[in-house]
Amino acid sequence: MDWGNVTAEDLVDALREVDWSSPPRPLSEFFSRFTVPKSFAKWDSRLKCNLYYYRTNYFIMIVFILGLGFLTRPLAILSAFLTAVTVAFLNDSFAGSFSEKATRTIRRFSPQLAAKMRPPLAPVIRGRPSAKRAIYICGQPRWVFVLISSLVSFALWYISCGLFTVSLALLIGLLATILHATLRTPNLKARLNTFREEFRAVWRNYSEI
């Protein structure tokens, strides 16, 4: 994958669709080799590659820094959890997995309710399922869950009065992420991994046709 030709929108789409359940990279690899990019093009390519490859490490690092800011704001922990769930719902893989597990759990107690939580059938165009499918969570459009969790988390942020503290911690976490992604030299393993993820995406789209 040539990261120099990947736009920011493509990167966001890739992060939204990729499976985030993969374990983080080892610390020995995460803090292995750092160099300064020699040009803007190299910096742009390196930044996108590292953000994709070390996505789980960056997520854990940001959560850890936020956790330090929560020490003085206990209620903000619940607010941050709901905010993280809101962001996670935007990922197709997480939303589908959450909906499937929730429906499976409810089926044990109420099969009738679980049947109502099934997503509607995907539209069929010329004998083939539509490539762009709407994401449903427990039978409801995804935006319903995102809106509800966003409103609840915003209310808790307001009540906890920890928005400034958490915003500062989040800013530090994002700056640390950008700094690491800028200086961490992509290795051959990272490049091969992106090629493998790209192949899986292409194969998945092919198998759905």
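Easy rule for this one: first residue shown is 1, then count along the chain.
A Cβ is built for glycine as well, from the same backbone N, Cα and C atoms used for every other residue.
As given in TrEMBL:
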- 52-71: transmembrane segment (TRANSMEM)
- 77-98: transmembrane segment (TRANSMEM)
- 143-160: transmembrane segment (TRANSMEM)
- 166-183: transmembrane segment (TRANSMEM)
In contact by Cβ distance (the transmembrane segment (143-160), the transmembrane segment (52-71); 3 or more pairs under 8 Å): no
Other parts of the chain folded back onto the transmembrane segment (166-183), taken as Cβ under 8 Å at six or more residues beyond its ends: 30, 34-37, 43, 46-47, 50-51, 54, 58, 61-62, 65-66, 68-70, 73, 76, 79-80, 157
